[in-house]
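What Swiss-Prot annotates here:
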| type | residues | note |
| --- | --- | --- |
| BINDING | Gly10, Pro11, Thr12, Gly13, Val14, Gly15, Lys16, Thr17 | ATP binding site |
| BINDING | Thr12, Gly13, Val14, Gly15, Lys16, Thr17 | substrate binding site |
| SITE | Thr102 | site 'Interaction with substrate tRNA' |
| SITE | Arg125 | site 'Interaction with substrate tRNA' |
Amino acid sequence: MGKPLISILGPTGVGKTDLAFRLACSLDKANILSVDTGSFYKAATIGTAKPPKEFTSRVRHWFIDILECQEVYSVGAFVSDCSSILQDLWAEGVTPIVVAGTLFYYYALVGERSFSAVPSDSTVREKVEEKARVYGEEYLRQELRKVDPEREKNILPGDIRRLTRALEIAELGFKPTEAVVTNKLDFDINLKIGLKMPRDLYRTRLRDRVEYMISAGLIEEVQDILSKTGNSSLPCLNQIGYKEVCSYLKGEIKNKDELVERIFLSHWTYARKQIKWLKKDKTIVWFDVSEKSPDTLVEEVLTLVQSTLENC
């Protein structure tokens, strides 16, 4: 066996987690690597749509439930750790299936996007985080535009972590060209499987997903985190769904209907940026999930994967 990489891509909520699990179960030896910064946090489960225990008990999943609420996992640290794990899996004859939720981390991992190699400075970072707490996201964006407008454009709405990191690097005195590196992951082939569906159907699915999260206890999950930490500015709460619930609990969002709408719009904005980014990647093999049953989808993807592995 060579060093194959099977990647599952697509906008949030399109069905990547389910396909990855069913694909892993159909292969002789496979592990799933979750590239989703939300799922890194132990306390954030409902709003991040983590794989259920039924999945994680049957197939080894990496990078799920690895951080406490206050911890930050930089793209550089993730790329280093994930690259090491991939080498170990290949040495053991295990096929890695990468589920690309956070596209910046994914493309940094596979060497198609540069990232910061500047070590974090806790003093500077805390100062920037305090600005985020006091003035909010738009203030951070305005500050970043002054020093690095191109980087600001590439940071998705709600990604306070990357905004904070970008400003930290700027305040440390580094120019963008001095602060970046590109990973050199040693794989033989990277088969990229993309999932998509028609716009209207996808929007309906996304709204249903948000409503399910609320009914499943997202508000209570956030309340539990706040009761234990007393801090609504924690990294684990600075993500879509969680920050809106924090606003709801503060009375800034009037009712649950408005809460659902706000979370949906945040997810939709995020998804549109994901779709735009993915359309630029001409190496993705696309599958329309609306045209196939789950079983048919798995069969077609499995055929492609097995053919790829045989030639690796």
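Note that Cβ sites are derived from N, Cα and C of the backbone, with glycine treated the same way.
Sequence features annotated in Swiss-Prot and their locations in the structure.
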| residue | record | contacts (Cβ under 8 Å, 6+ apart) |
| --- | --- | --- |
| Gly10 | ATP binding site | Lys16, Gly194, Leu195, Lys196, Gln274, Leu278 |
| Pro11 | ATP binding site | Lys196, Tyr202, Ala271, Gln274, Ile275, Leu278 |
| Thr12 | ATP binding site | Gly101, Leu206, His267, Tyr270, Ala271, Gln274 |
| Gly13 | ATP binding site | Ala49, Tyr202, Arg205, Leu206, Arg209, His267, Ala271 |
| Val14 | ATP binding site | Leu195, Lys196, Met197, Tyr202, Arg205, Val289 |
| Gly15 | ATP binding site | Leu195, Val289 |
| Thr17 | ATP binding site | Ala49, Pro51, Phe55, Val99 |
| Thr102 | site 'Interaction with substrate tRNA' | Val35, Asp36, Thr37, Gly38 |
| Arg125 | site 'Interaction with substrate tRNA' | Thr164, Arg165, Glu168 |
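Cβ-based neighbour count (10 Å, all protein chains) for Lys16 (ATP binding site) stands at 25. Within 8 A of the CB centroid of the ATP site residues Gly10, Pro11, Thr12, Gly13, Val14, Gly15, Lys16, Thr17, the other residues of that chain are Gly101, Leu195.
Apart from Thr12, Gly13, Val14, Gly15, Lys16, Thr17, the substrate site neighbourhood in this chain, defined by C-beta within 8 angstroms of the site C-beta centre, holds Gly10, Pro11, Asp18, Ala49, Leu195.
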